[in-house]
Amino acid sequence: EDDFQFTLCEGCRQESPNLKLLTCLHTLCLGCLTKNEPVGQCPVCCTAIPHSSSIPDMDNLLFTNLQARLKVYKQMVDGVDLFCDNCSKAGEFWCSECFEFLCTKCFEAHQRYLRWESHRARRVTDIRAGAAKDFLEGIRRAGNLSCSNPAHKSQPVSIYCQRCEKALCCSCALLDNQHAPFRDIRSETQRRQEELSSMERELRRRRSGFEATYASLQGEAARLEEAQREMRELIRRRVEQLVRLLRREEEELVGLVEARQEQGRRELARELRHVEGVLRRMEAGERLVEKMSLYASEQEVMDMQPFIKASLQELQRLQVPAATERGQPGDLSECRARLQAL
């Protein structure tokens, strides 16, 4: 189960049939998004959700479908409710194309009439003996693309139209002269997967710069805290030497230090949140592309790749904040000057 925790909602860590993929590449269920709707940002990395309703349109088809497949696998492993979907007898076989359990008699009929349509039913005992990854790999190989024309959903698809960027059946390609030029759908699927993998490698390379900036900001925050503590102690020792009439000056100095400290903390916290959010988006992108490469069917690659590509391109355009762009938060020069005057 630990291998597939990535399919859960990243907000509530629960399974959900309504998983949404945000532009920051985090995946959240409708419940978490609705709870977070007044804020209008991702609760994981605080990136703004660019939708008026704060509910993205992109479904995470990969994670949702993986949850459904794993549920079937768990049902077989547990041996619960294994009944034939046709006659309700004991289900001894399972077809990845029909997504149905079959008894021995229905299995024989299934093999007789559907064997030429690549329907390969396997014994439940054989599936149960294998690992979940093997089960998902088998389903991935069996998954077929569907034609973008709703009237041709049952037609086999092997053509990709570069003009409208959709998968087509032979009927659409031959009868509709608006579709051209064409490309083999397998080549297009492979090209899209390779494009995502290339972007993921570039993302890994750029990530080191953001990690270095994040570590630098953490170091600055620690040094700021240390400087504040030292200054408070210096103020305390100096003011204790003064007469009672100078106590009011002591309070003003401490107040000044506190104001500078709060200002510096806010500035650093804002930069830390931004860089942390970018890092989380990069992690989500790397993880999603990796899982697409491992488990996504061709249909899922075709449906989700443009959206993921746009999000990864947005990440690639981000620049690592240079150290020279940041000022020195919590400047205590005014406080030191007033101490010297005392």
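Using N, Cα and C of the backbone, Cβ positions are placed for all residues, glycine too.
Cross-referencing 101-153, 207-259, 260-312 with TrEMBL places the feature coiled coil at 207-259. Outside the domain 'RING-type' (9-45), and at least 6 residues removed from its termini, the chain residues within Cβ reach (under 8 Å) are 53-56, 58-60, 63-64, 67-68, 276-278, 280-281, 284-285, 288, 304, 307-308, 310-312, 314-315. Across the domain 'B box-type' (83-124), DSSP helix (H, G, I), strand (E, B) and coil residues number 15 helix, 11 strand, 16 coil.
Per DSSP, the secondary structure of the domain 'RING-type' (9-45) breaks down as 6 helix, 7 strand, 24 coil.
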